[in-house]
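As written in TrEMBL, here are the features:
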type	residues	note
ACT_SITE	B:CYS348	active site, nucleophile
BINDING	B:CYS241, B:CYS242, B:CYS322, B:CYS325	[4Fe-4S] cluster binding site
DOMAIN	B:164-328	domain 'Phosphoadenosine phosphosulphate reductase'
Amino acid sequence: MYRYDEFDHALVRERVEEFSDQVARRASGALTEDEFKPLRLMNGVYLQLHAYMLRVAIPYGTVNSRQMRQLAHIARAYDKGYGHFTTRTNIQYNWPALTDLPAILSDLADVEMHAIQTSGNCIRNTTTDVFAGAADDEIEDPRPWCEIIRQWSTIHPEFSFLPRKFKIAVIGAEKDRAAIRTHDVGLQIVKGEDGGTAFRVFVGGGQGRLPHIGQEIASAVPAADLLAYLTAILRAWNLLGRRDNIHKARIKILVASVGLEAFREEVDKHYATLRHEDLRIPEKEAERIKAYFAPPPFEDLPKASAPFDRALLADPDFARFARNNVRRHRKAGYASVVVSLKPLGGVPGDITADQMDAVADLAERYAFDELRAAYEQNLVLPHVKLDDVPTLWRALREAGLATANADLATDVIACPGLDYCSLANARSIPVAQALSKRLADMDYQERLGPVRINMSGCINACGHHHVGHIGVLGVDRKGEEYYQITVGGSPDEQAALGDIVGKSLPADEVAPAIQRTLDRYLEIRAEGERFIDTVRRVGPDPFRDAIYETLDAANA
Amino acid sequence: MLQTLEGVQNGPRLSVTTPLDEVEAAAAATDVLVLEFDAFRDGRGFSLAAVLRERGYAGRLIAAGKVLPDQARHLRRSGFDAVELAPGADAAAWDRMGQAFSGSYQPAVDPAPTIWQRRRAASNDPDLQGLADRLNRETAGKDASEILKAALDPALGLRVGAISSFGAESAALLHIVAETDRDVPVVFLETGQHFLQTLSYRTQLTKALGLTDVRLVTPDANEKATLDARDDLWRTDADACCDLRKVRPLARATAGFNAVITGRKRYQAATRAQLKPFEVLDGVLRINPLADWDADDVEAWLEAHDLPRHPLVEQGYRSIGCWPCTRAVQDDEEARAGRWSGMDKVECGIHLGRRQVAA
Amino acid sequence: MKIVTANRLSDGRVIYAGVGSQPVEGIDQASVLDETTAEIVLAEVAGRPDIFVNPYLVEVQGHVPSGRDRLKERIRSAGPTVGHSVAGGVG
């Protein structure tokens, strides 16, 4: 993974000093809260319901054991002993004091981490495929490009005060495991006409109040011109995007209102007058960065592993874990292992300091010292020898991290909701917990197969409910929590927004309604169909009926 | 550094909410433009400044209105020269925040070398002297175009820029550069003391040759305010004036390059009698494709390619710098005899090594 | 009736305006005020941005939030309604 050099180190240190200066000016009254707010947000500091919240960047979700242990230390020393992984592959702390924040940021800088631009109207953490560098269908590892984008976008002079936030995701395979079409800009690595690396560019995707699926604005931008092209897009939006209405400020609204063609013309106009030579990524710099992402020293191993196969036969619990949480690897004899942060009945994405330490030890021991944060709010050990998976599994089970539900119905994505968030209208966590308890039977979950359920506590959609196979959105009805259900959303290369099936439900009706939906799928699915396939084939109606039939009967 | 100004500044004043084309139209008609931020969160001003600079606006650009000290470097790097402080603003905070960071990753309008360029320069510490010797050998007897092509060979991995005064003989070198690669960055030292004819010639020649990346490099506003607020330093200390307006800005502008193309020729002055096509100065490869040209060669080239002439040539100027320190020469004088005439000075310093300047 | 609430600048914790408009942490210590007095106290604490961040009024019956945002205000006063994955409770 990427390591800081003297320049990176200097920059994060200087950022800590700058922030300390800002905190001091806020305390002295030199900065008003209105002035301070955007500055603290650009360092990941929110003011939530109960306390400040710090969002620490995990660039493109990659972290090593030393960094993970430091995250554990921060949870213990400055917080309440736990953290929360987000759909932007960052980690949040819910309880830090403002006065401790400079020290926390300094501790982060010690391990080459920061909280720069994890919030605010600027370019946010770039996300990618959690299996980057491990997946067998990838044409190129997207992470070096994420790192280049990270550096280019860090404290950008022109793009730090944008109309609204701006999110970029990059993938290196046809299969989209990073939901690029739900991003302001989504980048897919393709082969250019000259055989070199190029980027297929999608623009104007986004969730929130007015969700849009990104549209293709360019089919193959040569890699060297990527930053020039991104600059042109951002410049066009920065100058023309709306600033009068926060809900209409994202680039998706601009693209939708002027139309893709007109927006492309505007981008091309800026592209034509840019200083291309300056923005061309120096080849040496690209090579320097790529070298950090070279594959780890894999051994040449046979495809099959005797210890792995023996454990499959010997232990049905391990077999279940292997079926659901172990993923194929590009290198024979290796696998990627999903560490679920969705214990049955637990808080999606939460992890304790002890668990962080445990998973750091395991990464160091079994996974070339590398961990990934997945946007599904799980962790992944990307490169594990099949021979080691049984031992790893036992250690994970010891730490309470071996729930065998990756991509199953209880692998629920959920935002913190009204229990923590000052923007929320309703709670998400208790609803996710109730659902998880109701669907806890692992045999039942496996019978259902992969199904993604997403929950957001408000229309800002941090839980990505629009693109959940089943989405749940909390709304406020005269001071009471209600939940609107959508069916048929999808974040991948067949990205789609879910259909709202009907009127919203009270909290305790949500889990039963979702179970009826899933049961209906089991009744009507064709051979080999996943939940989303069935929804795509038959539409939302059968599921709407399933959701409301009992309710209607009860209310009749 | 971004200059901090007290009181209301003169010049057309536009809100950053003004559409780009109107801002561009206003900029075309002025050499001082004030862009007023209605809210510090409204970042349009940064893009407006960057676009104006990239499209060639060389006048002064002043930020005004609601801006925070924490935006000092954003303003500077987007192309602003100065900020008009609101009454009661804390100038110390502006200075402090303006210097909060010692480096920036991404290229922007300001000439300071980026982290990417500095990394490259650091890692690219190849044996430049060896390279210069080799290229001198390999290009012996070759013409100027071939010398230039050898230097621009991508296999060498050099980051090459050209410097030009857009003076009496400059068209020849720039023409050869443009024929080889129109996108090579060309640095022009906008000392603020050029003849108006030089400035219009620069525009004319840039267009005629199709050069895509002519960069105007100005003295640092704060340095200038300190050292030469009244623009008359040349009267008392021409070396200091050259240092402020040429040597320091060029050092900043070329920090990202490890190879610089110049139009110097052996015949021009005694100090240049030993000039070779390739030489190393302060860790930078100097490429002098015209080293063995003389005045007749230049004249023949300009003639053959029908290139535009500097308007002052027909008035007897054969080497042209800033107006206070340049005069026309007689036919029997050296071409550069009109530079710093009457002073014990032949070079401005940009072509001398640092150690020599200090001596 | 109304109470005045905000978050404390230093640590972000929920505070209320208590006796003499002093910051207090417990909602039961908050001064319950009529409309007019509440506005006066709100203006007063707004003038102390070194302690009170984003102060506003909450409708209450007794010391219990009763307005449209009552759920949010109850959660603010009592803490999250859920624990976290392992510890099962938040201190």
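Going from the start of the chain as shown, residues are counted 1 onward.
Quick reminder: no glycine exception, Cβ is built from N, Cα and C everywhere.
Note that TrEMBL annotation is computational and uncurated.
Not measured: the values here are computed from a predicted model.
Same-chain residues at least 6 positions away in sequence with a Cβ under 8 Å from that of B:CYS241 ([4Fe-4S] cluster binding site) are, in sequence order, B:ASP228, B:LEU233, B:TRP234, B:CYS325. The Cβ of B:CYS242 ([4Fe-4S] cluster binding site) lies under 8 Å from the Cβ of B:CYS348, B:GLY349, B:ILE350, each of which sits 6+ residues away along the same chain. Sequence-distant neighbours of B:CYS322 ([4Fe-4S] cluster binding site): residues of the same chain at least 6 apart with a C-beta under 8 Å from its C-beta are B:THR191, B:GLN193, B:HIS194, B:PHE195, B:TRP234, B:ARG245.
In the three-state DSSP scheme, B:CYS348 (active site, nucleophile) falls into the coil class.
Counting neighbouring Cβ atoms within 10 Å of each of the recorded positions (B:CYS325, B:CYS348), the lowest count belongs to B:CYS325. In sequence order, B:THR191, B:GLN193, B:TRP234, B:ALA238, B:ARG245, B:LYS246, B:GLY321, B:PRO324, B:TRP340, B:CYS348 are the same-chain residues whose CB sits within 8 A of the CB centroid of B:CYS241, B:CYS242, B:CYS322, B:CYS325, the residues recorded for [4Fe-4S] cluster being left out. Taken residue by residue with DSSP, B:CYS322 ([4Fe-4S] cluster binding site) is part of a strand.
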